[in-house]
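What TrEMBL records for this protein:
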type	residues	note
DOMAIN	21-127	domain 'PGG'
DOMAIN	182-294	domain 'PGG'
TRANSMEM	26-41	transmembrane segment
TRANSMEM	72-93	transmembrane segment
TRANSMEM	105-125	transmembrane segment
TRANSMEM	131-151	transmembrane segment
TRANSMEM	187-204	transmembrane segment
TRANSMEM	239-259	transmembrane segment
TRANSMEM	271-289	transmembrane segment
TRANSMEM	301-323	transmembrane segment
Amino acid sequence: MSRPPPVLHTEEQPEDSSEYKLRRQLLLLAMLVVSVTYVAGQNPPGGIWKEDGPGGVTAGEPILRSTHYHRYLAFFYCNATALATSLVVIFLLLLKHPNKLQLTFLRFIMVLDLLGLMGAYLAGSCREKPATVYTAALVLALSAYVGVHILQALSHSQSAGLWDGVTERHPRENVAIILRPKERSKVLLLLATFLAALTYVAGLNPPGGFWDTLGNGVGTAYGLGDSLVEAHHGGHFRMFFYCNTTAFIASLFIIVLLLGKDFSSRTSPSFALQVFVLGALLGLLAAYAAGSCRKTDSSVYVVSIFGAVLAFIFLAMVIIISLKRMRQSAEP
């Protein structure tokens with residue numbers, strides 16, 4: 001009686017990790033984070049003083065520093081942390097032959113970069129309690145997921161490489177299965193990269209600009225550094241903020257899921273990934289419609305265009321799934 005072939009337990013090499021398999025996409029992500037955090041640091045949310053004012057106000061200083069000092073400090077340090085860690089990520093990804101210590105350090109720096117980016121968005125985009133609670137809940141959910149993922153990776157570090165031995169036995173049989181999820185993950189990572197950059201900038205600098213003068217004439221409800229759109233189109237602004245924040249956090253969830261261990265090489269996109277992709281796209285479309293339209297006719301026009309696009313995508317997916325099922329049923 002023949003014994004089954006033993007399963008090969010190969011230790012994971014740094015070059016085989018998802019971080020270095022998706023090196024180009026992560027380099028683009030890090031460069032975009034450097035770009036948006038650099039611009040956000042030079043032009044902080046809330047605008048800057050246009051002229052000198054009472055109370056030691058100096059032209060050119062951030063308004064947020066005078067109106068919400070602690071929020072400004074949190075934004076400044078988190079944004080600077082995201083900028084610095086992104087530069088470190090770029091340096092580590094450019095290494096040709098990384099070792100295990102460098103891979104571990106890269107993962108730690110990427111988590112720190114993610115936390116800095118979320119902290120800067122939370123501190124720089126929120127002024128009211130409901131918005132702060134909503135954004136903080138999403139940030140904590142993503143942070144908890146990352147923390148659980150790290151603990152699971154540490155507890156299962158001894159079993160790493162199990163699937164590497166399985167896939168190496170039949171490279172020809174699995175090449176068609178492995179290639180498609182890997183290419184799909186690269187496309188989704190690029191999509192999430194651009195979504196995160198766009199929504200980060202839009203959240204810190206919402207459409208319409210900010211109040212930057214003492215005599216704004218609006219009353220006590222809105223003050224310096226608040227959004228101009230919120231004063232006259234409160235519903236539009238709130239819809240923009242919540243949808244933009246949803247798209248931002250969903251895009252970060254997509255990035256974290258795609259960088260999950262062994263995802264890009266063996267498995268199909270999970271249901272959670274599909275939900276986050278859909279949520280990010282819908283959030284982006286809704287934020288654009290709410291932030292770019294002020295009148296009813298323009299809002300109806302933009303919503304109609306987006307509805308037609310979504311209907312076309314849904315119809316295309318139905319046709320593709322139907323053709324795939326017909327092809328499978330026709331095979332002997």
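Backbone N, Cα and C define each Cβ position, glycine as well.
Just so you know, TrEMBL annotations never went through curation; they're auto-generated.
Outside the transmembrane segment (301-323), and at least 6 residues removed from its termini, the chain residues within Cβ reach (under 8 Å) are 285, 288-289, 292-293. Sequence-distant contacts of the transmembrane segment (239-259) (same chain, six or more residues past either end, CB-CB distance under 8 Å): 18-19, 22, 29, 110, 114, 117-118, 121, 125, 131, 134-135, 138-139, 141-142, 145-146, 149, 185, 188-189, 191-193, 195-196, 199-200, 202-203, 206-207, 229, 270, 272-273, 276-277, 279-284, 286-287, 290-291. Mapped onto DSSP classes, the domain 'PGG' (21-127) shows 77 helix, 4 strand, 26 coil.
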